[in-house]
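> Provided herewith is a single structure, encoded as structure tokens, for subsequent inquiry.
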């Protein structure tokens, strides 16, 4: 049957073979159409009007539960078997199916709308030598289209030409891979020459031969053949759908892949369907219940065979058998009849209710104002609505650093210039003043080119600079000159910096605001405004940054002809290269650096050196030689750099704050209290990661030891891990204790669990990417896991996206714990998808992470609310729901089992058929729904006050196999009470007017009333939080029960269809008897008292944290959140430094590529002022 | 305690500041509404099980249940009930022969009489029941073997009874009225009661046969077909149930108690919940004078033995009983109430001890943090 659906889905792809190579010709629709490539229309919707019903029904019946009920319905159609009328199953099934169908339909309508909107976007297409507006969906492979600035790229294009020099195009790929920085694409010269000449483009007949559609975003292979000449194509020449054109006036492109074939669509393939652990447990339980059901039916059918043989055969005088039915056939039929009667152990409404509850709880997440971030108007969003309760069971959090813990905003906070520290505010007594939003800011209005977003609080620095203090000026001059930032000035005075790392951007911006404005650069010059005066420096050399050097320098010649080397870099590196005369200044600056490090700031030391003209000449010569040398170029350059960067003069130090998001340390502390382990997985380098670790309180000074694993060989890594483990836990066994168990459906899945090991003291581990690669190998992964799990904090740095996912999978595999991954960038997508729950921070880095996440919000600190409040509640609610739901259904069903022994195992039901129909869907559904939507054990403030309340979820306390067995036993007891007490009360007795009461109908009414009242009281006992809705639903359901019963048993409805409502008058003759009510009270008490007594005793003898907090919450007002106090640490550590970890832009800045110039068209462009160099 | 929760006010403050720069008519903020419902702040009552509520509840329940139980028990004990089994299983039983020689084909009825003595007089109304044992009126196939529409006098169902009635749906091509196994197995023993006063003359005890069925059954659920007063015309073209001696319109002479609305028939049609059951047969009305309804002394029960139960080990009983406000004799409820009340009281004591031992303070004791 599966093929039917795939047939429908593949209807339009059917006739096409698997594409092996794509061949297309520009401006030749006829040629291209012969290959039947997909056009640019996309379709993400699943159904249309005609296919909706069959396809949706088919999808729904693929779910085991629905198929089971369909099977039941068919069984009920067989008169010999049917122990219940068909409507008892049909009505709930139809309700369930239509609810699901309605939800699917509305989802699909939304998808249709989205598709339509996207397909109807307009773009200019070159048709018959003219540019015409066309809808996106009309665009065909082989078309040439024109894109303008800030437009979305329509399809996957081959870039032909652009308005920019060198046929460059700038694109933002945020939607595609989440990175906001601009990427440069460049067209082939042969196509670029066409420019915007329509004739040339219209007559362009290049042929592209390239790879078939695939989902690799960073790879492309193909050839372009123009006039018999073949040019190779790579990823640099391709614009992908989903990107946005930036800083580029226009460009032309040739459509290579349209609609479903684009890399964007190929990537948005099947999302992994995540299931919660409760889902898995539920599946196992349901399977177990099926087995249980079969057992019950088998027992009853065997009993039926015996009964038929002994009694039934004699009773044939009054109840003849149908012809051909003997006791064995009757027993066989009875089996199926009981399958029908007892089917309520696997209740149909279970699955629907679970979905509704999760949906409801997801809405509460969406609606939470405390997870709404006003600054960019982002509410929290539950993107997957089926994972809520898992949020209450998290044991491991894997967090990205940049953009998740930090804001990825660098701010120039403090600096030390010539031994004087700036940026700190002190009151009169010299005490540091806390800087808040209200602290007056420095006014930069005197500087027209200042960046208005720059904030600084220390006025003295501005005064110092404006007074003309030479050291301060040199300091900022250095910042304005020594960097690889590219400026962009679209309008006079509106400067934008394209910095490779945000640190550099922060520093250059600081210099800009303090009057040293970096204005423009050419490969040979740097233009800056020094206190309003334009100064052009000749750029002699850029001594670029790399990981070994940990510094960068520039050599510039000022207008006066003075040549100076400006250097900035890590303190340890620079200090080694300073002139001995600076030693006093070094001491003072070191103090400052220590202070900055203590505040968790990233520091750089700045130094300069005046160069001798003659020496310089000679050095330049050697430099020239070295840089053109064929052999050992790197080494020779390195030597030269080393030679010139010495005996420098210390200017000062900068402190840049890698701003943590608000409340990150507090959140981490809270989560740690809830016994959630947080691992940071970051692409940043060790120093930065370590620094952030300290500033967000994950690493602490008082920790016993912070292990660093950074070995470069597998053996080395093993040794480091081992020694760390031995230090933490000397008496632990060498081999990890692995428990092997079987789980899952049919116990097919083998699981291995590594036990947690107790460690005294607090340890942390830092592991490097290259070591991690070894550690993740099969023979080391257990070692890694053991060691890492002993540590309080684990920080992995320099990890690749793949490694992030591997780490998550490692923990998932061996810890059987629920994991959560949180991140904001495209590099986090893999781990977000790998973890049980993925959380995306909808921050600066685009949407990729959010799109693949299950929950998203704007700030890391909302995580604690998501887990400690929403997660905890969801888990609590779901568990209560399941416990109650199984209880009420088991109780309901078991009564039938007991009754079987009194009705000749004939599958006679105890209750009225209408009651059976409505019990799950009407009488008991709403109260339990209200419970599972509104229940709270304690409110959110108490939840925050005692994060330990989170523990039961991690330990699976509320709903497990054990809990399930307990409730089964209890419902067994309840059903015994519910059957035998009314039985004993009604047995051989009569009404108060002497008439019958022990008749079947009275007994049915009696038993069902008792049942409903008992389960309602049980519901009352389980409800911790009585809102108006709970009251309404509980009492309302009871009222509805009586109203419906009275209506169904009334004369009027009986007269209409006598055979459907045979219970006429039963309620009037039964419920008016005092002993009926006395019996109802008795049954209720017998069912409830043990529960109350048990709970009370447990609460007295072994109160859980939950009970304690609930008691306290009754007596005390909710705790008011204490004012947030910033965490200030005293640290002796010295920080990392403010550089990006990749090689700088140095090459590009001085690249000859920028010297080729195209005519400028009316627009001030990037580098437009470049004057042709003498060469 | 670390500051942890960010209260709404704080964020509100942010918001008012940040939304203003959007200016009027700017995009509608996505900020969720501040309603108690959406913020999960609905006012709620949060009861918990405390010693202050649980312990008194147990004692109060105990204290209420025990007297009620005693009351119920005494009431039940005061009800007089007399029961004789006249099935005729034992050889010395008066109905042994009737039971032994039963044949479906015999046209003449077998009579037998059982003597018995009432030790105590029965005051007030006395109800006469017949009781059957091991009779599975609640068997699924039996229960559904009827056509309520037909019994309600629906003409079409009279002619075309429901399939559920098989195999008692048609007889010799004619539809059976009333159809089905229940109607077919109508209890048809006739019981009459005689009193032997001291002087030895045999006095028939007057038995009322009206008012033994539920009012709703008699007036709503069961109706004769057709409007005509003459039932034999209304039932023309239908067959009698195969086990019956007479067609349905000859159940009684009284037109108000004939056909489908014959009360004996109605009582039978109200199937029992359990295989052992009793059904109201006749009522012995209390006479207005002061003498007891049934004085103590000798009685004879005369039985027209038509109903075979021996084949399936069934038993037939005749029961005489008085009733009370709580119905017939049933000591269960009284005993249950006394037991539950005592258990409650006992549990209350146990809980009290536990509560004392594990002091309440454990509940509000400092919570580790």
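Yeah, the Cβs are placed from backbone N, Cα and C, and that goes for glycine too.
Because TrEMBL annotations are produced automatically, they should be read as predictions rather than curated entries.
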> Of the ranges A:315-334, A:335-354, A:355-374, A:375-394, which one does TrEMBL flag as transmembrane segment?
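Range annotated as transmembrane segment by TrEMBL: A:335-354.
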> Quick test of your reading of TrEMBL: among A:808-832, A:833-857, A:1033-1057, where does it put transmembrane segment?
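Within the set A:808-832, A:833-857, A:1033-1057, TrEMBL attaches transmembrane segment to A:1033-1057.
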> Per TrEMBL, which of A:914-934, A:935-955, A:1103-1123, A:1124-1144 is transmembrane segment?
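Of A:914-934, A:935-955, A:1103-1123, A:1124-1144, TrEMBL gives transmembrane segment for A:914-934.
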> Can you dig out which of the ranges A:858-878, A:963-983 TrEMBL describes as transmembrane segment?
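So the range that TrEMBL calls transmembrane segment is A:963-983.
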> Look at each of the recorded positions, A:400, A:824, A:828, and point out the one with the fewest other Cβ atoms around it within 10 Å.
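Each of the recorded positions A:400, A:824, A:828 was scored by Cβ atoms within 10 Å; lowest is A:400.
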> Given the recorded positions A:400, A:545, A:602, which one's Cα is the least distant from that of residue A:828 (Mg(2+) binding site)?
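Looking at Cα distances from residue A:828 (Mg(2+) binding site), the smallest one goes to A:400.
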> So which residues does the coiled coil (A:616-650) touch in its own chain, when a touch means Cβ under 8 Å and the partner is 6 or more beyond its ends?
540-541, 543, 549, 551, 553, 555, 563, 565, 567, 574, 577-579, 581-582, 585-586, 589, 605-609
> Using DSSP, what's the helix, strand and coil tally for the domain 'P-type ATPase A' (A:119-185)?
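DSSP classes over the domain 'P-type ATPase A' (A:119-185) add up to 11 helix, 34 strand, 22 coil.
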> Under 8 Å between C-beta atoms and at least six residues away from its ends: which parts of the chain pack against the transmembrane segment (A:1003-1021)?
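Distant Cβ neighbours of the transmembrane segment (A:1003-1021) are 884, 887-888, 891-892, 895, 909-912, 915, 919, 923-924, 927-928, 931, 974, 978-979, 981-983, 986, 1034, 1037-1038, 1041, 1045, 1049, 1063, 1066-1067, 1070-1071, 1076, 1079-1080, 1083-1084, 1087-1088, 1091-1092, 1095.
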> Between the binding-site residues A:602, A:798, whose Cβ has more other Cβ atoms within 10 Å than any of the rest?
A:602
> Cβ pairs under 8 Å with the transmembrane segment (A:914-934): which stretch of A:881-902, A:1033-1057, A:1077-1098 has the most?
A:1033-1057
> What stretch, picked from A:284-307, A:335-354, A:963-983, A:1033-1057, A:1077-1098, has the most CB pairs under 8 A with the transmembrane segment (A:881-902)?
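Out of the listed stretches, A:963-983 contacts the transmembrane segment (A:881-902) most.
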> Same-chain Cβ contacts of the transmembrane segment (A:1033-1057) under 8 Å, 6 or more residues past its ends?
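Hits for the transmembrane segment (A:1033-1057): 912, 914-915, 918, 922-924, 926-927, 929-930, 1005, 1009, 1012-1013, 1016, 1019-1020, 1023, 1063-1068.
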> At the level of the C-alpha atoms, what whole-angstrom distance separates residue A:402 (ATP binding site) and residue A:824 (Mg(2+) binding site)?
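That comes out at 8 Å between the alpha carbons.
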> Using C-alpha positions only, work out which of the recorded positions A:400, A:545, A:602 is nearest to residue A:824 (Mg(2+) binding site).
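Going through A:400, A:545, A:602 one by one, the Cα closest to that of residue A:824 (Mg(2+) binding site) is A:400.
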> Sorry to bug you, but what's the C-alpha spacing from residue A:400 (active site, 4-aspartylphosphate intermediate) to residue A:798 (ATP binding site), rounded to the closest Å?
11
> CB neighbours of residue A:402 (ATP binding site) within 10 A?
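For residue A:402 (ATP binding site), the 10 Å Cβ neighbour count is 24.
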